[in-house]
Structure formats: structure tokens, C-alpha cells
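Lifted from TrEMBL, the feature list:
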DOMAIN    53-280  domain 'Peptidase M24'
BINDING   H118, H216  substrate binding site
BINDING   D135, D146, E273  divalent metal cation 1 binding site
BINDING   D146, H209, E242, E273  divalent metal cation 2 binding site
Amino acid sequence: MLRLGRNDLCWCGSGKKYKKCHMEKDMKIYEYEEQGYVIPHYKMLKTKEQIDGIRKSGVITKGILDMVGEKIKVGITTDEINSWVHEYTISHGGIPATLNYCGYPKSVCTSINNVICHGIPDDTVLKDGDIINVDVTTILDGYYSDASRMYIIGEASEEAKKLVRVTKECMDIGIDTVKPYGGLYDIGRAVEKHAKANGFSVVKDYGGHGVGLDIHEEPHVDHYAKHGKGMLLVPGMVFTIEPMINAGDYHCVTLEDGWTTVTKDGSLSAQWEHTLVVTENGTEIIV
Ligand code: MF3
Ligand code: CO
Ligand code: CO
């Protein structure tokens, strides 16, 4: 965190002098640094205006996930889901953030069964018993929101249904650990504990991330247990929690397309994702 002088303008953009604005709160933050927390750069703390913008973007992302839930069924292709997402986004004034992102060719990620993440929509037809993650990232007026859900197609196996349920619980438990002046690593500890208690494993190669002014920002959010406290969670931080949970082993393999990431052992994988903001009293799920 940048150390400002008492009479400098506050970093938050309020136009007030630092001593009349965030100085006291920042002094409290420096005390946490001495306890072993990593302190976020002040640029990671979103202003009220930015959070409002991310919230509006989130309305589109939520609308898309609801719409997909109503239309998805046996027999449709992942390319059709891509068209639904693309057209909904554009018609609501947004831009699909994944399209052309680092060469990614589509407006959404669709990850079926053993695909962990970044599945690319194509002519694959959804069949009875499939489980699919649809991951939507929207830009509206320059603000990014990111969320994903699982959809069960027809009648899935008991194991698949349990994986989808437990993965949602992992996300919710991770979100419940988030509190102002808590530690980032509390999330991974709680998520991994619940996954392991159910006989599942947590993917280590991918995680959540800061989001809002760009698709992927700091901090990186691990969903497995790490030693230490990690970054201090400060009001205004916006990030995703998006555990990827495997029915078998946690190892990943990325296919030749450079994106599609599957379980090494061929087991099923599930993922749920929310974007949230740390508030003075707790957490707000943005989408
Ligand atoms: N929405 C994804 C995430 O949760 C990012 C997808 S980037 C893509 O981080 F290029 F793979 F689409
Ligand atoms: Co994300
Ligand atoms: Co996402």
C-alpha cells in the first residue's frame, strides 16, 4: 500500500485530504501487516462508482445464466449455448469478455463431464446424464463480471449429482469465510476440507481472481489449503470464488486446442462461480 502524507488527497478519489478520509483505516491495515498478512495495493480496492458498474454488468451475467437454465436440454449443442449467450449480451449493451481474449474463440466456456474448465463451444450435442458448467464473463461500460453454474441434463448418475451439489457447497462455504480483515487463505482451507470430507479433490492449477476493471486481476484465489494467512481481505476488494472439484484425482491436462482442460484420470469435474465484493460488514455477492 502506498504511504500517503496526511495532507495529500486520499487515494480513494473522494477529493478529501488523506487524514480526513482513509488514513485511520489504513493505519489499522498496517497493523495486520505485522501479523503476517499480505496487504493489498490500494488499486485493488474498488470505489463505490466502480462497484456500481460491476453490479450492472452482473445483472447481464445473471440474466444469461438464468436464461441458459430455462433453455438448456438434451439435444442442443454447445454452439447453440454460445449463440444464446452472445446474442443476449449484445442485445443488453454488453460485450462477451472471453471472445478473442488471448485468442479464445467464443463468447462463453462450456465444460462437460470430465472437462474442468475452458471448454470451447462446438457441435457437441448434450446428452441425457451430462453435467455441464456454463461460465459467463460480461463487460458493460468497461466493467467486468464473471459467474458460472452447473446444469444437469436429464437424469444424471448419483455420483454426478453429488459432485454438482458438493461443489456448490464448496463455493458457498468458501464465500462464508470471506469477511473484512480476514485472510484470503481461509477460503482454500474451508473449500478443501469440505471437498475431501466428501471424497473429492480440489484443482490446484486454476483458481479465482480479482475482477472488475479487467477479466483477471489480482489477487489469485486458491481453493486448496495453503500455509499462512495470505492477503488481508479489505472492504472494496472484488474477486471470484470458483472452485473446480474433481470426483477423482486433482491433476489437470490441457488439450491441443490450448484451452480445454480435462481431468487427467478421466473422472468427472464440476465448478460454480460467483463474483463478490468485501464490504465493511461482510460480503456482497455481485453475481
Ligand atoms: N470466466 C473464466 C474465469 O472464470 C475465464 C475464461 S477465459 C477464457 O476465469 F478465455 F477461457 F474464456
Ligand atoms: Co472467473
Ligand atoms: Co468465469
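Just so you know, glycine gets a Cβ as well, placed from its N, Cα and C.
On the structure: features taken from TrEMBL.
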| residue | record | DSSP (3 states) |
| --- | --- | --- |
| H118 | substrate binding site | coil |
| D135 | divalent metal cation 1 binding site | strand |
| D146 | divalent metal cation 1 binding site | strand |
| H209 | divalent metal cation 2 binding site | strand |
| H216 | substrate binding site | coil |
| E242 | divalent metal cation 2 binding site | coil |
| E273 | divalent metal cation 1 binding site | strand |
Quick one: of H118, D135, H216, E273, which binding-site residues lie within 10 angstroms of H209 (divalent metal cation 2 binding site), measuring between C-alpha atoms? Sequence order, please.
H216
Checking the binding-site residues D135, D146, E242, E273, which are within 10 Å of H118 (substrate binding site) at the Cα level?
D135
Of H118, D135, D146, H209, H216, which binding-site residues come close to ligand 3, meaning Cβ under 6 Å from one of its atoms?
D135, D146
Identify all same-chain residues not among D146, H209, E242, E273 whose C-beta atom falls within 8 angstroms of the centroid of the divalent metal cation 2 site's C-beta atoms; report them in sequence order.
D135, A147, S148, G208, V211, F239, T240, I241, H274, T275
May I ask which of the binding-site residues H118, D135, H216 have a CB within less than 6 Å of any atom of ligand 2, listed in sequence order?
none
Distant-in-sequence Cβ neighbours of D135 (divalent metal cation 1 binding site), under 8 Å, six or more positions away:
V108, C109, T110, S111, C117, D146, A147, S148, Q271, E273
For H216 (substrate binding site) and E242 (divalent metal cation 2 binding site), what Cα-Cα distance in Å is obtained after rounding to a whole number?
13
Using all protein chains in view, find how many other C-beta atoms are within 10 Å of the C-beta of E242 (divalent metal cation 2 binding site).
26
Residues near the divalent metal cation 1 site, D135, D146, E273 excluded, by Cβ within 8 Å of the Cβ center?
C109, V136, T137, A147, S148, T240, E242, T275
Within 10 Å of each Cβ, count the other Cβ atoms and name the one among the binding-site residues D146, E273 with the highest count.
D146
